[in-house]
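Features of the protein shown, as given by TrEMBL:
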- 11-20: compositional bias 'Polar residues' (COMPBIAS)
- 21-35: compositional bias 'Low complexity' (COMPBIAS)
- 101-115: compositional bias 'Polar residues' (COMPBIAS)
- 152-269: domain 'SGNH hydrolase-type esterase' (DOMAIN)
- 11-45: region 'Disordered' (REGION)
- 66-115: region 'Disordered' (REGION)
Amino acid sequence: MVESIIKTIHSNKQDQSLPLSKTVNSSTQTVSTQTEEQEKTLKTRHTSMHIEYRTISTQIYQPIGSEEKRFDPPPHNVVDYQPKPKPQKPESSKTEFGPTDYSNDNTVPIPNRFTGENNKTTLIIGSSILKGIQPRGLQNTEVCTNRGANIDRLIDVLQKKDMSTYRTIIIHIGGNDLDNGDNLQSIRDNYEALLYLLNFKCHPHCKFVVSGILPRKGLNMHNPNEMLKDLCEQFNLQFIDHTNMFYDKNYNLSYSFFHHDGIHLSKKGTSAFLRSVNMHVSILKHTDQSDRYCVHCGEPNHNSKSCRHGRKVLCHSCNNFGHKEKFCEFYN
């Protein structure tokens, strides 16, 4: 009896525990189902957010040029459009040399040095009297020396030479004509022909300067130079008289200006000739070396206070004070 009761109790307990396990299992399944649904919802949201982010990012960081190009429609008269013509430049009166009006123009167009064209504006032309001149000491000046030339030969030289670039031409000729025994009237006629040729070949504003004939051994140059002066007055030209440069107050000729032949100039004579020309036409370079060289001797690396000479020395080449012969600018 007792055993039956105990079995009955155990059986009841087992029966009562069954619903509890079922309940627990069902609740667990419900919770797991809810969790899965939440995870799916989160995944869906994350995916949608990721898609939205990519969409927005592609809209913001779209590559340059990938956007669709849109052009405004052309104007109704685009076919009939014509650009406005450019205004024409006024024609200026110019020649090969430059403007024809030189009233306010003191410059000369200088040709390109790479073309080999002459860029000198002053020409000194004549006989071999000029052979001692060093052009490096001159500014924008060309020296044309013709050995043994007389006026006729110089005319032949000028006919073949381009004269269009010069603004000033200094002529030194006539001494050999006198040596050849030509009379003054013949020399004057030939000189006039020379001037007419220059007037034809040179620019209209070119300036002609006649250099007087230098003293020569055994010849009196007074009358020939007076004839050249009269010729210059006739053509309104400038005449350079070298008398005061080569003669002293007593009208004595300094033979140190000439070589032994008594015709051609020494270095000292060439310097005197250039200084005489420079009084009428500025051809000598002017360089200020006082801040770099001693003003007494021309030596570098010291000044006049420490110079051993104590005073300005004389250059035996140009007969000027203030430098030695080895530093002479023109005839070193």
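If you go along the chain as it appears here, the first residue is 1 and each next one adds 1.
Just so you know, glycine gets a Cβ as well, placed from its N, Cα and C.
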(message) Per DSSP, what is the helix/strand/coil residue tally across the domain 'SGNH hydrolase-type esterase' (152-269)?
(response) 56 helix, 19 strand, 43 coil
(request) For the domain 'SGNH hydrolase-type esterase' (152-269), would you mind checking the mean pLDDT of the predicted model? (result) 90
